[in-house]
Amino acid sequence: KAEQIPASASEAAASAVLDALNATDSNGTEALNATAKFVATPEGTALAYGSLVFMALLPIFFGALRSVTCSKSKVTVSGPRRLADMPETITSRDAARFPIIASCTLFGLYLFFKVFSQEYINLLLSVYFFVLGVLALSHTMSPLMSRVFPASFPNKQYQLLFTQGSGESKEEIVNYEFDTKNLVCLLISSVVGVWYLLKKHWIANNLFGLAFALNGVELLHLNNVSTGCILLGGLFIYDVFWVFGTNVMVTVAKSFEAPIKLVFPQDLLEKGLEASNFAMLGLGDIVIPGIFIALLLRFDVSLNKNSRTYFYSSFLAYIFGLGLTIFVMHTFKHAQPALLYLVPACVGFPVIIALFKGELTEMFR
């Protein structure tokens, strides 16, 4: 039962917060300040979109690398392990029902924002994502802190154990091991969390968003390429329908105040850090292709050929797909379902390479 807890959490939370905002907004004014008429300069637009692309690549690249380490530790490590370090495997059944869960959650959020006060809903969500963001950012910073602290640093070990029952029927509910370095990470993350909670500053939002995305790519593992194709194919249809077929996703994206999207101001050059007209990219457009790219990196490692052909090809395909999304979005001045362009690119490029190399069967096996 303890292992099933993160499974239900990922289905509900990931569908709610990683995919609910898959629409990339073509104009920061429409997304966060619909009443102001702002015309971005070419320089400001280029800086905003370029920064979004760069920020999107960071969690995919480093999350994929960390997913390899995470996958190896899953096999080699025994005994108590921190729950946050345990990868969750997405099966074909999970992948098939994910778009349905995401659609129900998205429409439920849409109805909530229509019926109830947007202010109170976002207040509740802010507190919820404050807790999640602090934990995600702390987990992201942990490996870096291990390198920063000197070897002489007094690093004490702690364990938080929560059990149910007594005697032979005692069952572990939580068994969390941490050390002094983890507490320092938690303290720094809490400072960022308070900053976000009080100011809702776009930099604090992006720090939490990057942490969510990196953790998603690292800890959500597809069990094979076929499952990845099912997941990406289903969300491809989901994304296109909810962006082009209705106004539901764009409405939720405008109303939802939570660090589940990356934003960058198009008026940064004019207003500095107090800029307020943003371009945005939903975390779902990073995490969903990212977990597929991470799978291809683990496939490269399994081939033992000292090459990363499939990883780099899918990574370049992601850059191409995201660039195409931004180009179409900027040309037509309309929100775009990014997975419409990312899914064919991220799946098509590696499959074509595998076909030419004669490794297609091995890839899908």
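The backbone N, Cα and C atoms fix where each Cβ goes, glycine too.
Nonlocal intrachain contacts for the transmembrane segment (46-65), taken as residues 6+ away from its ends with a CB within less than 8 angstroms of a stretch CB, comprise 28, 40, 206, 210, 213-218, 262, 264-266, 268-269, 278-281, 285-287, 289-290, 293-294, 297, 311, 315, 318-319, 322-323, 326, 330. If you look up TrEMBL, you'll see 46-65 (among others) marked as transmembrane segment.
Taken from TrEMBL, the feature transmembrane segment covers 95-113 (among others).
The transmembrane segment annotation in TrEMBL covers 119-137 (among others).
What TrEMBL records for 204-222 (among others) is transmembrane segment.
The feature transmembrane segment is assigned by TrEMBL to 229-253 (among others).
Annotation source TrEMBL lists transmembrane segment at 278-297 (among others).
What TrEMBL lists as transmembrane segment is 309-332 (among others).
The transmembrane segment annotation in TrEMBL covers 338-356 (among others).
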### Query
Cβ pairs under 8 Å with the transmembrane segment (229-253): which stretch of 119-137, 204-222, 338-356 has the most?
338-356
